[in-house]
Amino acid sequence: MLESVFESAEAARESIVYNYHHGFSGFAARLTDSQAKQLSDRPDVFSVAPNRKVELQSTRIYDYLGLSPSFPSGVLHESNMGSDLVIGFLDSGVWPESPAYNDEGLEPIPKHWKGKCVAGEDFDPAKHCNKKLVGAKYFTDGFDENNSGISEEDFMSPRGYRGHGTMVSSIAASSFVPNVSYGGLAPGVMRGAAPKARIAMYKIVWDRALLMSSTATMVKAFDEAINDGVDVLSISLASAAPFRPIDSITGDLELGSFHAVMKGIPVIAGASNTGPEAYTVANVFPWMLTVAATNIDRTFYADMTFGNNITIIGQAQYTGKEVSAGLVYIEHYKTDTSSMLGKVVLTFVKEDWEMASALATTTINKAAGLIVARSGDYQSDIVYNQPFIYVDYEVGAKILRYIRSSSSPTIKISTGKTLVGRPIATQVCGFSSRGPNGLSPAILKPDIAAPGVTILGATSQAYPDSFGGYFLGTGTSYATPVVAGLVVLLKALHPDWSPAALKSAIMTTAWKTDPSGEPIFAEGEPRKLADPFDYGAGLVNAERAKDPGLVYDMNIDDYIHYFCATGYNDTSITIITGKPTKCSSPLPSILDLNYPAITIPDLEEEVTVTRTVTNVGPVDSVYRAVVEPPRGVEIVVEPETLVFCSNTKKLGFKVRVSSSHKSNTGFFFGSFTWTDGTRNVTIPLSVRIRVLNP
């Protein structure tokens, strides 16, 4: 192919960056726009896409989610903590000395594993790999000829200077590490979701300024991971590119993940960190399991004791010593800086972005600390070595009244403390990207939510933000490996389940409240109760997911249905799937894709959608339908009862959806459940009315 657009065979060979042949057939090459156009016009070429940049999305978790190793039974022990499986990460490398990779007590490396560790700068496989860290590779050829995008601090090896890769792998699969904290915050035993699972790192070296990688490099890492035999892939990455046309799946994360799924490897990816605005969710293709971020039942705070002996607590991740100082209120912190020196400053802000500005100003002017009063009750996600405290307007007003009532107001601020229990309700984080899905609105995204705020994990000891090799990370990057680790446990229990079946089990058993039964809110302006565009099917519940009863399974024919419904041509589908395809006429409806959610973005009068469920529970089971319809929407299920037996493992059903609304609306939400009295198989219903001819 390349020889057809180059003047010589030698020039064609020199242009090649990577060959992809384990998961699919393709290559990355350095081409001019004209050469790329010539190749894209060939009938045997599915797609030619420019090399793009992808971004990082950035220990109480598992007890909060009900997975305690002290319980004598449950998914953690029944799966042997994931011992026989390998979880792969496409990320920024590892810090192999971390105790997270301790292999003491682990059984031999699983026999199906074909990967290896690759030597490089300050990385010796014989020394740094073991029965825990079983694979470590690095990829740099996706940058330009001089590797000018590679950080000067980073290592030309699987060792990662930046701690992101070590963080995500430790969150998913760290061994048990006692007496861990971040400067005294979040103390306890660190462990991953699957503490005995094996880890394979595929390092994609990050851009000096923007913490990015190239997509050509990423696809090569996918290709290697598929060939090495990983069982689950965790991808805390998202494209920063704008929305592309619906038929433009390209040779990067989407294509690599599709072929991984076709090889039976679930791919878990982050929703991205550009919320809370609508249509911001990334990684939206139906074969991915896309994860939103919530907080957990833990917060960090500091005591503020004032000169009148009143003590008030405020949110703070402060790791320093106790501070005593004068207290001053400054209304215009940007200009009125003369009185900041040595004082703790109280100021009010309207927007969250102002907090960083206020912090920078008070730090430059050598204030002793900062109290920010803000309108929302977002959970603080900034770790700082100076007293930096968040309060709401109400508490800020109390502090201001004290300042104005005293001729010499003072304050004493304690070091940061950890509060565990349920100090605040579970919330979908403001940064967590939201649906609807801008690429395919009928495919619900995100799929599921998991903790992703101030998550304690291991990191690089060389990185400046590290505190003894540990860090409190915030972002969907850190929610993603939570779910990936739980998928490892489920796959260990059900090795014959497809990625779609595992995804269905995760989604249909999710909590719609937090584990205590309290409602889940969504941060934003204003704060509201969470809906499926905030958290997908809900908060992940692995203990229930191990026995979902029914699953909405998908195979290659279902994905061909998706490709046909969204406008891919027959040739493109044949190339990407490897299966000769001719789409039906008329094209199939995307509403009928066997997804574990029903999302109807444009309901005019009435529509009927179809689904099929597979019984993975007791052989002789009877399920009946229970509907909580969206407001103003009528739902009729046919049949209302499903009867399974040894000869009937799969059954289809229809859902007829109509509306009494007479005008266009936003989305209304409900749910649909199949229940056998013990198992509740629940999917979200999301319906928007579009009255075209009122």
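Here the Cβ of each residue, glycine as well, is placed from N, Cα and C on the backbone.
In the structure as shown, the Cβ atom of ASP91 (active site, charge relay system) sits within 10 Å of 28 other Cβ atoms. The active site, charge relay system feature in TrEMBL is assigned to ASP91 (among others).
According to TrEMBL, the active site, charge relay system annotation covers HIS164 (among others). The 10 Å shell around the Cβ of HIS164 (active site, charge relay system) contains 27 further Cβ atoms across the protein chains shown.
Sequence annotations record features per position, and here TrEMBL assigns active site, charge relay system to SER477 (among others). SER477 (active site, charge relay system): 29 other CB atoms within 10 A of its CB, across all protein chains.
Per TrEMBL, domain 'Inhibitor I9' is recorded for 2-57.
What TrEMBL records for 82-516 is domain 'Peptidase S8/S53'.
When pLDDT is averaged over the domain 'Subtilisin-like protease fibronectin type-III' (592-687), the result is 95. Positions annotated as domain 'Subtilisin-like protease fibronectin type-III' by TrEMBL: 592-687.
Distance from the CA of SER477 (active site, charge relay system) to the CA of ASP91 (active site, charge relay system) is 10 Å. Distance from the CA of SER477 (active site, charge relay system) to the CA of HIS164 (active site, charge relay system) is 9 Å. Across the range of the domain 'Subtilisin-like protease fibronectin type-III' (592-687), the DSSP-based residue counts are 1 helix, 63 strand, 32 coil.
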